[in-house]
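Here is what Swiss-Prot says about this protein:
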type	residues	note
ACT_SITE	Asp64	active site, proton acceptor
BINDING	His60, His62, His137, Asp207	Zn(2+) 1 binding site
BINDING	Asp64, His65, Asp207, His265	Zn(2+) 2 binding site
Amino acid sequence: MKLVFLGTSAAQPTTRRGLSCTCLKVEGEILMFDAGEGMQVPYLRSKLGWNKKMRIFITHLHGDHCLGLLGLLQTMSMQRRTESVEIYGPPGTDEFVAANARMLGFSPSFPVIMETTEEGTVVDAPGYEVSACRAEHSVEAFSYRFSEKGGPGRFSTEKARGLGVPEGELWGTLQGGSAVSVGGRTVLPSDVLGEGKRGRTVGFSGDTRPTDKLAEFFQGCDYLVFDSTFADEMVKRARETGHSTAAEAAALAKNAGVKNLILTHFSARYSDTDDLLREAQKIHPSSYAASDLLEVEV
């Protein structure tokens, strides 16, 4: 599993940073969080592929988070994509996509499935879930949390044989999480499996103020990608615009027991992110600054 940062700038691009877009590669599938203008070039450079299974999650309808959608859909059509694309976003996302497609006279070569984001579980896939929580921004906005479903613990052949379970199909049944019957006795998966494997979790804040609700939502995340628009000296501006400082992001991550914090969405006023990172690391040492084309193994 890998995080790929395609755009890490806030509101407007810089010569070194594009607009908001982060992808999570999950076993051949692309989960994209926001699609800011200009995200196609870094997408190409990251070699993520045009025809893989894809779900797109829009946090809110500000241009720096969604204006790349139509261009992305058009390019995938020109690449003769046939696999459907699912797009999740706040109310109005479907209208935004449909209106732009209509004005451009564009009809995609593949099904585009639009879903309106609400709090709670957004996607329940075989290997993972994506859930949403309301963020605190200047427009209706959502944060997302990816949760990998845990796997079964290690299968003990010694215990299975000791319980009289013959090798073969019944072993597979137990490993799959179902009980079996042997000689009139029921053998449970817990009788032969070790402690289950914990799934990995990744949070994506989008644009937001740090709130207690989000701290609870992101509790225990392995990685948290969080709005870090401003340095601490501009906390007043952060409050006025519905954003966070790097220090505020770090405080939330610390309170939520987040293992690794990744700062992103930096104001264009900052030519580099060193000062913001230092402010965050004073509070949460396992803090890192994202940069365009950065890839992080999860």
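Glycine too: its Cβ is placed from the backbone N, Cα and C atoms.
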Quiz item: Ranked by the number of other Cβ atoms within 10 Å of their own Cβ, which of the binding-site residues His60, His62, His65, His137, His265 ranks first?
Solution: His265
Practice problem: Indicate the candidate from Asp64, Asp207 with the smallest number of other Cβ atoms within 10 Å of its Cβ, considering only these recorded positions. | Solution: Asp64
Quiz prompt | Per DSSP, three-state class assigned to His65 (Zn(2+) 2 binding site) | solution = helix
Practice problem: Quick one: pull the CA-CA distance for His137 (Zn(2+) 1 binding site) versus His65 (Zn(2+) 2 binding site), whole Å only. | Solution: 13
Quiz item: Taking the centroid of the Cβ atoms of His60, His62, His137, Asp207 (Zn(2+) 1 site), which other same-chain residues have Cβ within 8 Å of it?
Solution: Thr59, Leu61, His65, Ala135, Ser138, Val139, Ala141, Gly206, Thr208, Gly242
Quiz item: In whole Å, how far is His265 (Zn(2+) 2 binding site) from His62 (Zn(2+) 1 binding site) when you measure between their Cα atoms?
Solution: 13
Self-check item: His60 (Zn(2+) 1 binding site) versus His265 (Zn(2+) 2 binding site) - Cα distance in angstrom
Solution: 14
